[in-house]
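I have placed the structure first, in the form of structure tokens, so that the comments after it can refer back to it.
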Amino acid sequence: MNTCIESLYRIAQKKERLILGLMSGTSLDGLDIALCRISGSGPSSKISLEKFITLDYQDDFRNWIREIFAKRQIDQQLLCGINAYVGSTHAALILEALASWGLAPADIDLIASHGQTVFHAPQSLTKDHRLPNSTLQIGDADHIAVKTGIITLSDFRQKHIAAGGEGAPLAAYGDYLLFSDPKENRILLNIGGISNFTFLPSIGSEQKAYATDLGPGNTIMNQFMHQHFGLEMDKDAEMANKGKVQSELLDLLLNEPFLSLGFPKTTGPELFNLVYLEKKIKDKDLEKLSKEDIMATLNTFSAKTMILGIQKATAELESFQVYVSGGGLHNPLLMKQLEETFPNQVQSFSNLGINPDAKEACLFAVLANETVAGNPEDVKNIKNSPAVCMGKISLPL
Ligand SMILES: Nc1ncnc2c1ncn2[C@@H]1O[C@H](COP(=O)(O)OP(=O)(O)OP(=O)(O)O)[C@@H](O)[C@H]1O
Ligand SMILES: CC(=O)N[C@H]1[C@@H]2OC[C@@H](O2)[C@@H](O)[C@@H]1O[C@H](C)C(=O)O
């Protein structure tokens, strides 16, 4: 038998597994690396986040990805090269993280790599019904497996699409297995480049769990700050706090059919981007607005799309709690608007025992755990989410 297959079989039989979850998101800030100790599988899964680090990308790496990110026309040769380059770069960052933790590759059972989304194209977003739903994450996992010597699972979203889904969001699977509560209705809100939440009705409820994208989390704000100030973000909402929300622009931004679609749904920076903003500004000759006013309005746009989504999902509920993860948790103006709308109902995801910044990387570790040791039957009650395991397996030898 192939020794790697033998290793995989042994790992699948272990009572617990040490899995490195990797996430590189739409904000392109860096590679999230979460060392997760996972025991059991399915609803009996227990996860302990042993270590977590985000290793920042170099500017040239980030700028290369930006040349192909969410664009219709790109340089094919660049895409081809960057796919391998992201894989080998992620491998180097993994080895750097392990060394800083005093761990050897041999200590790790599996890597679960999300990769880097460069284009997300469900029919609901492209409106092009000639082609099936599709999505593309790069960072080839064979490069990761060979360079780290660790069996690597990757490309999770393709299976979701192959089995009838739109490839995102996938958070429902991990959230449902780990964070469902016998008494509390929960909204697990992730404010990344794109905001999304998982709705977890209390266990035993007739309602089904599901995950849905909501709209722009940080992505348009980040793009605006990068274009006008060369900065990666509006840190601590400093720029937005200097401005005033322009209601005419806000109404234009909110006038988008995606925002009225039912749940679950998926989107990306393919829709919510600077072109989206500039078109709304041009439509009403709002070019005169100050950059501070535009940032204040963009911040409120992101907050409103999340608030409206949460209100829609919880209209029939007597009580619920919102647990916030993702980088937007650190945006004080976004959080202020959420807390004012849902008093005493908004808290950090850290209160569920996991570092909020590590949540998405942990999700992929859980998906890999389910693939090697789980049973798709355990996730058949998640709304509009195929009951399948996900991820391709790359062997080091
Ligand atoms: N102190 C802060 N002030 C304002 N915004 C912040 C702060 N810290 C982080 N952010 C925002 O969070 C972003 C990073 O969040 P995160 O890592 O969740 O994004 P991501 O992983 O790319 O998201 P996605 O879920 O789309 O993949 C930053 O780009 C920035 O917009
Ligand atoms: C195509 C893609 O990468 N989508 C991401 C993105 O980032 C947030 C939101 O849009 C979510 O749909 C998804 O990631 C999370 C981890 C998910 O699949 O649940």
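These residue numbers are counts, starting from 1, taken along the chain as shown.
Every residue gets a Cβ built from N, Cα and C, even glycine.
According to TrEMBL, the protein has these features:
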- Gly25, Thr26, Ser27, Leu28, Asp29, Gly30, Leu31, Asp32: ATP binding site (BINDING)
Cβ neighbour count (within 10 Å, all chains shown) around Asp32 (ATP binding site):
23
Excluding Gly25, Thr26, Ser27, Leu28, Asp29, Gly30, Leu31, Asp32, please set out which residues of the same chain place their CB within 8 Å of the center of the CB atoms of the ATP site, keeping sequence order.
Met23, Ser24, Thr54, Tyr57, Gly193
Within 10 Å of each Cβ, count the other Cβ atoms, then let me know which of the binding-site residues Leu28, Leu31 comes out lowest.
Leu28
In terms of DSSP three-state secondary structure, what is the assignment for Asp32 (ATP binding site)?
strand
Running a distance check here. Ligand 1 versus the binding-site residues Gly25, Thr26, Ser27, Asp29, Leu31: which have CB less than 6 Å from one of its atoms?
Gly25, Thr26, Ser27, Asp29
Under 8 Å Cβ-Cβ from Ser27 (ATP binding site), six or more apart in the same chain: what's there?
Gly192, Gly193, Asn218, Thr219, Asn222, Glu232, Met233, Gly327
Here are the binding-site residues: Gly25, Gly30. Which has the lowest count of other Cβ atoms within 10 Å?
Gly30
Lowest local Cβ density (other Cβ within 10 Å) among binding-site residues: Thr26, Asp29:
Asp29
